[in-house]
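So that you can see what the record holds, here are the features copied from TrEMBL:
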- 16-39: transmembrane segment (TRANSMEM)
- 19-465: domain 'Major facilitator superfamily (MFS) profile' (DOMAIN)
- 59-83: transmembrane segment (TRANSMEM)
- 95-117: transmembrane segment (TRANSMEM)
- 123-143: transmembrane segment (TRANSMEM)
- 275-294: transmembrane segment (TRANSMEM)
- 314-332: transmembrane segment (TRANSMEM)
- 339-359: transmembrane segment (TRANSMEM)
- 371-398: transmembrane segment (TRANSMEM)
- 410-432: transmembrane segment (TRANSMEM)
- 438-459: transmembrane segment (TRANSMEM)
- 887-907: transmembrane segment (TRANSMEM)
Amino acid sequence: MAGLQLNVDWKSNRRAIAFCLVAAIGALCYGYDTIYYTGVQGMAWFAKDYGEEGSDGSFALGTTFLSLSASIIYVGELVGAIAAAPINDLFGRRAVFLSASICIIVGAVVQACSFGSHPVFYVSRVLIGLGVGQFTATCLIYIGEVAPSAIRGPALMCFQFMQSISQLVGACVNQGTQSIQSSQSYRIPMCLLVVLPGIMLLCLPFTPESPVWYMYKGKREQAIKSLRKINHSNRDYDPSADIQAIDEAVQQEREMAKDATWASLITDPVERRKLFYACGVMFVQQINGIQFWYTYGVVFAQSIGVADPFTINTIIYVLQIITVGVSVVFGNRMKRRTNLLVCSCGMFVSLLTVGGLGTTKAADGTLSRGIGIGIVVLAYVNIIFYNFSIGTLSYSIASEMSVGRNRNKITSCAMGVFFVTVWLMVFTSPYMYYTANLGPMIGFVYGGTSLFLLAYSWFCVGETAGRSNADIERLFQDRVPVREWATYVIPSDDGEDLKKKGTNDEHIEMASFGRFVARRTNGANEPGGRQKDEQMQEKELDAVFALIDYIAAVLARLLCQMAGKKYWWNNVVAFLAQRVTKLKVLMLDMHANTIISCQAGEAALDRTDLSSRLSSGILDEEECEEVLRMIDADAKQGLRTTANTDVARYCVEQNRFRSGINLTFRYLLMALRFQNRLGLQGTSFEICGMVYATGFEDFKALLFQDLDLEYSASSDQDTLNTAYPAFEILNQTLANVKQRADDYLPSDLVQCKSNYAIMATMDDIITVMIPLLLTSPLAVANLTKFRTMVLLTCNAEGIVQVYKDIDYNAFFEMHTSTFKEDSKDWNAMRLSEAVDGRLFSRRTLISDGKYFEKPEWFAQRMVSLPHEMSKWVIDERSIMVPCGAQVCYRVLVAFLIAGGGFCIMAVGERIAGVDPSNLSSYLWLVAGFYLLVCKSRYVEEWPWKDFLHFRVRCRSVSELHAITGINKQFIMAKLLHDDSGGSMLKTRGPYNKVFLQRDANDGFSIDCPLEIRTLLLSGLIMLKVATSRGHALVCLDARRRTELKVVEHRGNQEQEHLVCEDINRLYKLRTQSGSQGNTRLQLVRSKELKWKRVQGVYRQTYADFI
């Protein structure tokens, strides 16, 4: 660990320091509780209330009570530390702080009110321990996640410093109250324990949640807000770098967590070593008996006959604060191993000397005043050595050793070992001191146990100065001995650009990268190494160059066709040529040219500090503008020379244009790799891309199935515009391969005419595959973002013209002859098979497969339905539908009935015994009743105001269907289409899982299940995946305004999907019950479903989703 940098800009980090101090209240609680109870045990009134009366009438605490009351708190702390883990995972760090504060406050109140009852007192100690354990397990995590890197080391080490402060305060409180001649002498220190958690409760509403926890929960926006709040005092703070680092760390940890098991801590030698180091440091921190001085210091001083035991105890904590403060400021400047080895030897000698002095007892068992003072002085020396070394370093070491996929498990084990060891030492000390009558000779015991610290320091402690968690993980993976950690150079795993963290780190990583390449490329020329035939190498190089040239040519065509004007064309072609040239030059002599490139990079880093400000992906317009503003500001303040400013601007310009080109090159090369994720041969594959119409307003969606059978989709209009030239290039390429292509552009996939091209050579396959891969939503979304960034950041002279929207449909499929045979047993449709079955045709979906029976009627219906639905007025709760014809019809019928009553009046007295007025009244009543029945039959509420204005307000799908006569599935397809387009309608009901805008209390009711054709019509594709329990369904959302969605093998745990779990069991239950009709499948939104492989489009078209 690097030495503490005293030139840190504390002012810019004052807000973060404040939040770290709030979290450190947990350390204050731990320290205060430990020490105030040490003094309370020596108070006469406490002994009178909780002790046993002796034969001489005096009161003393029993050994059992001393041991149990002091040690049982650590049982609570152990349980609290374990309980903190699920609370942290589910509810966040602040929830743990809340729970811990409540436990301590309740425990302190119960303790003060125990009134001499030992069982109640024990319960109160356990409650306090629960709170302290939760604090201890969480506040270090929170500080490590919240503190900026510049202050993270000091902030973590201050945990022990804050403990020392609270311990001094506790000792001073005891010193002030011990002379009170009543039970208030010990109740005041007990009651003061509620102050610290009370302060925590007051600060908690203003304390931000950990941004790392937000990222684990997929709440990126909240994480950014949290980072901004933490770094509010830094006016120039940009969260993008931190959020990217957190995101990468979370992604890496999640990947590793897939293989994280408790068993691996034992079976895996690498994980076992981490566990031993992390648990070992917490074990040796306490096994040396340091808790004896803290827990029983006052009682010990009284037993050896030293005057003013409370003053001596207070001096202990004054020394501790001074020592810990010196350690935080200067201790880290020493090598960690040296510090621990020297101080552990000092602790060993001081403890042996205490034991030796303890053998000089007089005949009556007392010690002389000089011997007592000598023992106290040696206790001070022991505490100084402890707090300068293992007392402050143990938490940092345990945190650093807990890396990799089992980080949380290792941390939990380490804290468990800590609390068990503390409990063991505190529980056994009174028995050894009193019952075994060792007295001060207990120093021999603890001197022997301090040898564990010496052994651990020699065999298990390495230097980690400047190492990140990833570096430490690599040290473990490479089985590097701890004595070589300081000098070991960690190579990069691949040839990608290294991430830059600062000027010094950049030089180290650049040099490390150069040495790594030198080792890798020199390996072929070492004696005994394989040397390829030079002619074969030339052929391979020619083939690689040809591939790069072709990719560059296709990409140049696409870039020039996706936007216009000379500024765009000149720059993208120029930068593309630069990248292609550099690739070729590097590949001519990878060893020599990479070293030259790295040296040139080091030279550039000497002239500018931009590498820490630019991201490795596509820049966005805000990042570009921000970097340029910083360059201008530095130039105005004289912090940059003119030449340096020009170099910096050139670097920004270079990075701005090459970012999108680099990502596209990377995507194409990675997509061409054979990864064998499907268990098939490399010559068995299918790639498919299509643009098809969804919804009722002919919105388009781009759907793609890649080489590994992973699916991606987009319905963003800018992305579709970018995809159009890609499909055009693909179409032209296929025409050249086949020498025949139809000029027919269908308006719907049901009208597509098949057009085949057979490719027998690898040249033809690659010629078609590259432009086909460029139609993927992943590729075109990156290019669209790249084009947008350039358009928004170019100067007034630079103009980028985006072409108008084009309405088109497309479908391209590429497969080998063996793929269909290899995939026939998957019981799921490939994308091409689904298109062949007209599963994605709007007309087929709307007509329920009967389009060809009445094509003209259905075509007219497709036009009339959107027109009719466009008249609906939609608000948050309901849909207002015009219904003039229905109202007029019902009023006319009622009028005819009532008119019949008037006709009866004309009969007069012609019919004997019949009063025509009664019949007329009856018919008028029937007419009114008829109107009321008509108003209540179709909708729950139909006010007369709406009725007379020829409109009706519908609150459910059933009501809307009853009023309009439109099929319920068409209605829900319309609602789904609008739902993703920004509709204000809120939905509720048993079948609204698919909808985005939901309101469980007062929304529009979705009261009928969705059919799969409705989902497809709305752009929701159900994909079948293989899980550990059989099969499940995962929804690929390609609805309106979807920028990019991906369903990949093994699933992304950060992304929430609509899923239907364990469909095999649902089919089995349906078969056993003998039910008829469509299969009913339960949809849920989840991030928890894990799957191994995507198999294809769900084949069962007769299914309802609930």
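Any Cβ shown, glycine's included, is placed from N, Cα and C.
The transmembrane segment (123-143) is not in contact with the transmembrane segment (339-359), judged by fewer than 3 CB-CB distances under 8 Å for residue pairs 6 or more apart in sequence.
Across the residues of the domain 'Major facilitator superfamily (MFS) profile' (19-465), the predicted structure has a mean pLDDT of 80. Segment contact is absent for the transmembrane segment (371-398) and the transmembrane segment (59-83), given fewer than three CB pairs below 8 angstroms at sequence separation of 6 or more. Of the Cβ pairs linking the transmembrane segment (275-294) with the transmembrane segment (59-83) and spaced 6 or more residues apart, fewer than 3 are under 8 Å, so the two regions do not touch. Within its own chain, the transmembrane segment (95-117) has Cβ neighbours under 8 Å at 23, 26, 29, 33, 49-50, 80, 84, 87-88, 123-135, 137-139, 142, 187, 190-191, 193-194, 196-198, 200-201, 204, 207, counting only residues six or more beyond its boundaries. Only residues 6 or more beyond the boundaries of the transmembrane segment (339-359), in the same chain, are considered here, and those with a CB under 8 A from a CB of the stretch are 288-289, 331, 367, 371, 374-375, 378-379, 381-382, 385-386, 388-390, 393, 438-447, 450-451, 453-454, 456-458, 461.
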